[in-house]
Amino acid sequence: MASCVGSRTLSKDDVNYRMHFRMINEQQVEDITIDFFYRPHTITLLSFTIISLMYFAFTRDDCVPEDNIWRGILSVIFFFLIISVLAFPNGPFTRPHPALWRMVFGLSVLYFLFLVFLLFLNFEQVKSLMYWLDPNLRYATREADIMEYAVNCHVITWERIVSHFDIFAFGHFWGWAMKALLIRSYGLCWTISITWELTELFFMHLLPNFAECWWDQVILDILLCNGGGIWLGMVVCRFLEMRTYHWASFKDIHTTTGKIKRAVLQFTPASWTYVRWFDPKSSFQRVAGIYLFMIIWQLTELNTFFLKHIFVFQASHPLSWCRILFIGCITAPTVRQYYAYLTDTQCKRVGTQCWVFGVIGFLEAIVCIKFGQDLFSKTQILYVVLWLLCVAFTTFLCLYGMVWYAEHYGHREKTYSECEDGTYSPEISWYHGKGSKGSEDSPPKHSNNNESHSSRRRNRHSKSKVTNGVGKK
């Protein structure tokens, strides 16, 4: 019996590995202030599920076959999300509630299974499914068939420039602001922005709407829309990095206004981590990981345009913008999990959301290739090879610039935004490269300096004035 117990004892490395992986895959909520929202309600959900199924099964009118199928699909999705709340991991985020991120992961699993299902259909069946969802898609036309691109580029007038500031320019701006919040690196954001414009050039022979005038690509897209969004997102990142996170309990707030503000702040991050994608002492594996990150990012963007071109629906259709919003939701935990896997030596496997996101990206590409064989038969392999080499070159150029900046202007001291309801520890280093020897300016783990520094920080937090749930000095 003793030998059996001893064989189950985990080593220190196993404990550290499980702790690091849990922080990105099963983040826990500490210092819970309202127990009701975090207490398990499995019996309640079971009773609700059984009663609701009995009600809809015996009371609704089932005379219309199409309504039966549609409502059956919605019910399957709804109850699958309930199972997601009960069984799936929280992921790296806990705000506004872990149940929300469990449902996001559940939706990503459903979308993954839907893509697998599409692979076993033919093109006519897929189109029939689309027409069943929206009969108006029978009359949809490709944008490339009714519009001209890159025409009279030498004619540059103020009226023509202003006409390009449409809803898509607005989407570019806010889209890049959100991307900057996720990536949190000027170098990588600008590299992805420039690389995407080059991607459009290399795939212009397949998608005519990628053709743009030079001033549209350089000035309007890269500098104004993308650049403005990157700047706004990074300003918000710097603001969140500089804040001191010390969340107060609802019980400690005695004013109605304070409780309302604290409830609103529940939808803000519990903490904010300064990221460092590349370190001068990082190994080649870190460089290859960032290159893979950029390839998957570009592939996900390409899928957006290939899907609507092959299956013929407008960019304004819900099939297009709902997919974009959905991909944006699952990208947030994916980037956090991939960054931890790439930079933390103790995290030796990717998170589940990151794994599912990668599969979704490649499955979408496979779906496009299967149902767009006529389109991809025109592919020029030389352009694809040049595109891969171009992405590799820009990646290495970006990383070299980041290393040069770090060596000449010094390393920025890493800051930890702590929160009382998180399990984040300042003793855990997030920016050691995989296979790297470690950075000299990073403090050793479990040192007295770290303990005293953490103690001083907790003392400082305990003395801070609590206002609307956030401690301010």
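Positions of Cβ are set from backbone N, Cα and C atoms, glycine also.
Taken from Swiss-Prot as is:
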- 2-35: topological domain 'Cytoplasmic' (TOPO_DOM)
- A2: N-acetylalanine (MOD_RES)
- 36-56: transmembrane segment (TRANSMEM)
- 57-72: topological domain 'Lumenal' (TOPO_DOM)
- 73-93: transmembrane segment (TRANSMEM)
- 94-102: topological domain 'Cytoplasmic' (TOPO_DOM)
- 103-123: transmembrane segment (TRANSMEM)
- 124-186: topological domain 'Lumenal' (TOPO_DOM)
- 187-207: transmembrane segment (TRANSMEM)
- 208-216: topological domain 'Cytoplasmic' (TOPO_DOM)
- 217-237: transmembrane segment (TRANSMEM)
- 238-286: topological domain 'Lumenal' (TOPO_DOM)
- 287-307: transmembrane segment (TRANSMEM)
- 308-319: topological domain 'Cytoplasmic' (TOPO_DOM)
- 320-342: transmembrane segment (TRANSMEM)
- 343-355: topological domain 'Lumenal' (TOPO_DOM)
- 356-376: transmembrane segment (TRANSMEM)
- 377-383: topological domain 'Cytoplasmic' (TOPO_DOM)
- 384-404: transmembrane segment (TRANSMEM)
- 405-473: topological domain 'Lumenal' (TOPO_DOM)
- S417: phosphoserine (MOD_RES)
- S425: phosphoserine (MOD_RES)
- 430-473: region 'Disordered' (REGION)
- S442: phosphoserine (MOD_RES)
- S454: phosphoserine (MOD_RES)
- 455-464: compositional bias 'Basic residues' (COMPBIAS)
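Ranked by Cβ pairs under 8 Å to the transmembrane segment (356-376), the stretches 73-93, 187-207, 320-342, 384-404 are led by 320-342.
Per-residue pLDDT, averaged over the topological domain 'Cytoplasmic' (308-319), rounds to 90. Across 73-93, 187-207, 320-342, 384-404, stretch 187-207 shows the highest tally of CB pairs under 8 A with the transmembrane segment (217-237).
Residues 202-203, 205-206 of the same chain, all 6+ positions outside the topological domain 'Cytoplasmic' (377-383), place their C-beta atoms under 8 angstroms from a C-beta of that stretch. Counted as Cβ pairs under 8 Å, contacts with the transmembrane segment (384-404) are highest for 187-207 among 73-93, 187-207, 287-307, 320-342. Residues 126-127, 130, 133-134, 137, 140-144, 168, 207, 209, 368, 371-372, 375 of the same chain sit 6 or more residues outside the topological domain 'Cytoplasmic' (308-319) yet have a Cβ under 8 Å from a Cβ within it.
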